[in-house]
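For reference, Swiss-Prot has these:
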type	residues	note
ACT_SITE	Tyr103	active site, O-(5'-phospho-DNA)-tyrosine intermediate
BINDING	Glu201, Asp253	Mg(2+) binding site
DOMAIN	9-148	domain 'Topo IIA-type catalytic'
Amino acid sequence: MSSESDTDTEDEIARERLIELASDFYDQFAEGEVPTMEIPTRTKSNIVFDEDKDVWVYGDRTSTRSANSVRGAQKLLKAIYTIEFLADQLEQGRSSTLRELYYLSESWDEERAQFNDQDESNQLVEDLEIVSKVTREDFHMRPEESGATIMGPLYLREQTRRGEREIHCQKDVGEGGYQIPNNPDTIEFLDNDADFVLCVETGGMRDRLVENGFDEEHNVIIVHLKGQPARATRRITKRLHDDLDLPVVVFCDGDPWSYRIYASVAYGSIKSAHLSEYLATPEAEYIGIQPADIVEYDLPTDPLSDSDINALESELDDPRFQDDYWREQIELQLDIGKKAEQQALASRGLDFVTETYLPERLGEMGVL
């Protein structure tokens, strides 16, 4: 966990990096050059596997933000205004949400520096992360709360604006669990009795596991991903693995979009490939729902849509799914033409998932 002095130092480093970026633009102007900012091309074709770190990162192809056109000049103008805002925010020890940044731009005196929509401001913050090698959390920027939670035998200390507080993520929380903060690096893990971490996609399945006492019976920390996981959720999952040496397994629906949820936990996402080493847990394993489970348990299903089929075919070429296991499962799913939700396991009874399915799969994987 970061102490107050460590936090001050991190803020100073982040602010210095931002000022260096602004100085680079100024120097280019002073030398009579057209100002530019170079960033990696954020496409699937520019993702490569870093064998040393076991995560997917951006390759060598880059895109250049240049002031040699009106559109390019406006992008750099917006970058300068955003850098100034973030540097001032750090100096004042304040924070803001990504949504607030979008609206705050409407008060800037230069109309051409204002954002057209929040996607534009979000992308600019990501660009600044990449070129400065500082995370948005260090800029004191945060998303809207994701609502993702933890439930399990974990005792931690959290740093808040009101001081420190110590929490047991079973005994000191309600059925909803402990809500993951925007910056999990403010958490210190004090003690735990956990044997592994189970990341669960849907709220319904997470609630079923908690109601059935799965976390207590098997000494598991249940992380609710809440769909596509927020960065904070992926970061705390990585910390649970790295800091506590706990195995991580991911439990999702059986469809192509859920496989991508797993991939973002394990290997990172295209959007945040520059942070894969910080967010991804390459040792994480996929427990299900597998296409093979759909066949074996004769689960209730829905037919694959055209977009599902296209997504599965795309995943056959996705570098994150390039192994025999995923090729076999994806080809099987294309062959049967079906998908299933986690909660389809309830067709065999409300206790089937905790008494049979998960224990058997975890046993096969060597976790239990």
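From the backbone N, Cα and C atoms, a Cβ is placed for every residue, glycine too.
Structure coloured by features recorded in Swiss-Prot.
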residue	record	Cβ neighbours (10 Å)
Tyr103	active site, O-(5'-phospho-DNA)-tyrosine intermediate	14
Glu201	Mg(2+) binding site	24
Asp253	Mg(2+) binding site	21
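Looking only at the domain 'Topo IIA-type catalytic' (9-148), the predicted model's pLDDT averages out at 82.
Tyr103 (active site, O-(5'-phospho-DNA)-tyrosine intermediate) and Glu201 (Mg(2+) binding site) have their C-alpha atoms 31 Å apart, to the nearest angstrom.
Taking DSSP states H, G and I as helix and E and B as strand, the domain 'Topo IIA-type catalytic' (9-148) has 76 helix, 22 strand, 42 coil.
In three-state terms derived from DSSP, Asp253 (Mg(2+) binding site) belongs to neither a helical nor a strand segment and is classed as coil.
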